[in-house]
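S.K.: Just passing along the structure, written as structure tokens.
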Amino acid sequence: MPRRRGTPLPTILLLLAFVGGACGTEILSKSRLESCSHDSDAGGRLKCDRKLVVDLAVPSGASGGEASLVARVAGVEEENDTPSATKSIRDPPVITVSKSATYALYALTYLDRDVAYRPDEKYVKTHKCEPYAGAKVVGECERLWDEKGNVIKQTEPICCPCGPHRVQSKCGDIWSKLTKGKANTAHCVRFPGDWFHVFGIGAWSLRFSIRVQVKKGSSVWDVVVGPENKTVVSGDNFLRVKVVGDYTGYTSIPSFEDNYLVTPRKGTGSSQPQDLGNEHSKWMILDRVRFTLDGLECDKIGVGYEAYRNQPNFCSAPYGSCLGNQLWNFWEYDKRRIDNSQLPLYIVEGRFQRINQHPNAGAHTFSVGVTEDLNTNLLIELMADDIEYVYQRSPAKIIDIRVPTFEALSQVGIANVTTKNIGKLESSYSLTFKCSSGISPVEEQLYTMKPDEVIARSFELRSTTDQAAMHQCEAILKASDFSELDREGYRFSTAATVYNNGAQIGPTNDHKKGGFWDSIKALWRNLIDFLTGRLCWTKCPRLFDFGCHIQYVCIGWILLLLLIPAAVVFLWLLHQEGLFDPLYDWWGLEPDDDYRARRRHQKGRHHRHHHDHRHRHGHSHGDHHHHYHGGHHQRRRHHHPPAWDVEGHHHDRQQHSHEAGRNHHRGYGEVVAAGAAPLRLDRASRPGQTEVDAVVEYRERRSRHERHGGHGHRDGHYSPSV
């Protein structure tokens, strides 16, 4: 296995694997091997003949946050080779770069001045108010003394007459004036509650730190660089890192040179604060013009006793004059903005990110996070005297490809390709996974395999459509000289994207609100859609797909399939009962006469039996009217008497009616006996006449009867009809 050490190599290729928050890391230029004699003395020199130079663009994380990346030197190219070939490094160095969050640092200057959060005017209604009066007369507006017992100037009360002046007060009657003196009011300003430190803010400076770790074999080197320490060399002179600078200037870093920072006072007294604390919700940055550091201006932060006492027209001015535009006014204004989901104008919290999170934060510095995403140019130099390269070529093959089905767009698929070195030498290989369409291109992978070694490499697959599809791909394995060793095709499918609104159920467009009847109509439409199966048409397009119908409860399809045979059976039963005979007569469709005759003969026997039973029932009651009613009921129920029974039955009923008329005077019992005479049925009017002939003769007789007005045999008591 031939090797070469320290060969002049003009170009180094890097294989980058990104981790952490890095999202846009890139190689600025192809890294190179240079002579160490070119080094300057700035920051120290490397002890080597050759060095590997890597030029990187290190980005910031999201909103200027932390970021990290891993760069692995995978192979080299020699321009003198024809054709150009990439050779792998046996023990490639791995470079890990971690960049901290970027922030702007400001120097703070304490102004030896604390200000009250909310100055408050006090007043007392009294009599005989004087600037030097005691507490019995002016109450809490009595003048103040310092720790040494000296009167604090300008703390005396201001006396205003009674009446409609600064404070409305009654002057009292004459007796009160004589006994107590003239009524008046005493006014003063006091500073209760919280106090705040005031700081001047200097110019900003950019701060971040970049930690570079190089691992080669079992050895690890670490250095940390930043804007304040741009070049650092490791202790054994193996590694040197330099911050070249940022490619573009920052535009969103605020300048506070015309502002003051106020923070709540910690402890007592107004001496130099040692700790700013972390109550960022009370920190405010305000314009300098809003402050009066000597206390001589009204309506400014820091107003003092003198400005309050010496304001013009004091007694005629409104109550609380000279005490406007204080810290509490700005804080409450911002609080209302925050409650209305607006950004504050003065409060630090919510206006900036990563407040005072810089290392070694104290009372002399203040920092805010920088949200711009800018790249930092980083130059890394490694000693390259002992780098070894692998040149041999060995055959290999692809032994397995697996791609589990995944959901398009919402999921990332994994293609696992397993390769094996089937040769006798250790060699480097390149592997790629290419798909015809629908899958985004993937990056080629470089790696080394020993003889008979099996290695599985993974590729992330991302679909470019949300539809289910079948994809045709190929895994291509190449040798160290980039000649193709093996190629295997593979087909896999992706499932369609399932869209889910989560807790936000429903479409994004607004629906028009309807009234009560609109709700009823919508409910009715949904019911019709459910019963008719309209909702299932898209899921079960085939009529006889019973499994699908049951799965999606397609009641419309199921009922339709069940109603078809039920309707056929029902129509056949109606046909058996003769319900369609009038239709047959109307359309001229005559069923088999023998069949109809037999069916009507059976019905006729049933009717005669029922008629005889009704007659016997009338005799048992012995009531002629019951008999008549029974006959009438029989006529009403039997609209279609049998053809062979009509003539004989009609004749018997006429005879029965005449006999009943003649014997009516004989008595009740005789009438019943006459009515109980059995009816005779003439099946054939003439010898040799068949039942079918009797039917035809009956129809002709009935037709003549209807042409003559439909009059039958009648008497005074009973008129039977056919």
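Here the Cβ of each residue, glycine as well, is placed from N, Cα and C on the backbone.
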S.K.: Could you tell me which of Cys188, Cys322 is bonded to Cys298 by a disulfide, according to Swiss-Prot?
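M.R.: Disulfide mapping in Swiss-Prot sends Cys298 to Cys322.
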S.K.: So Cys188 is in a disulfide according to Swiss-Prot. Which of these is its partner: Cys129, Cys141, Cys159, Cys160?
M.R.: Cys141
S.K.: When you check Swiss-Prot, which of Cys129, Cys159, Cys171 turns out to share a disulphide bond with Cys162?
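M.R.: That record, Swiss-Prot, gives the partner as Cys171.
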S.K.: Cβ neighbours within 10 Å, counted over all protein chains: which one of the disulfide-bonded residues Cys159, Cys171 has the most?
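M.R.: It comes out as Cys159.
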S.K.: Tally every other Cβ atom lying within 10 Å of the Cβ atom of Cys435 (disulfide bond).
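M.R.: Result for Cys435 (disulfide bond): 21 neighbouring Cβ atoms inside 10 Å.
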S.K.: Between Cys129 (disulfide bond) and Cys473 (disulfide bond), find the distance joining the two CA atoms and give it rounded to the nearest Å.
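M.R.: Here the two Cα atoms lie 99 Å apart.
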S.K.: Between the Cα atoms of Cys171 (disulfide bond) and Cys160 (disulfide bond), what distance do you get, rounded to the nearest Å?
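M.R.: Between the alpha carbons of Cys171 (disulfide bond) and Cys160 (disulfide bond) there are 12 Å.
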S.K.: So which disulfide-bonded residues out of Cys141, Cys159, Cys188, Cys298, Cys322, Cys473 end up within 10 angstroms of Cys315 (disulfide bond), measuring C-alpha to C-alpha?
M.R.: Cys159
S.K.: Measuring Cα to Cα, how many angstrom lie between Cys188 (disulfide bond) and Cys162 (disulfide bond)?
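M.R.: Cys188 (disulfide bond) to Cys162 (disulfide bond), Cα-Cα distance: 16 Å.
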S.K.: On a simple 10 Å Cβ count over all chains shown, which one of the disulfide-bonded residues Cys162, Cys188, Cys315, Cys322 is most densely packed?
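M.R.: That would be Cys188, with the most Cβ atoms nearby.
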S.K.: Could you round the CA separation between Cys162 (disulfide bond) and Cys435 (disulfide bond) to a whole angstrom and send it over?
M.R.: 95
S.K.: Fewest other CB within 10 angstroms, which one of the disulfide-bonded residues Cys129, Cys141, Cys160?
M.R.: Cys160
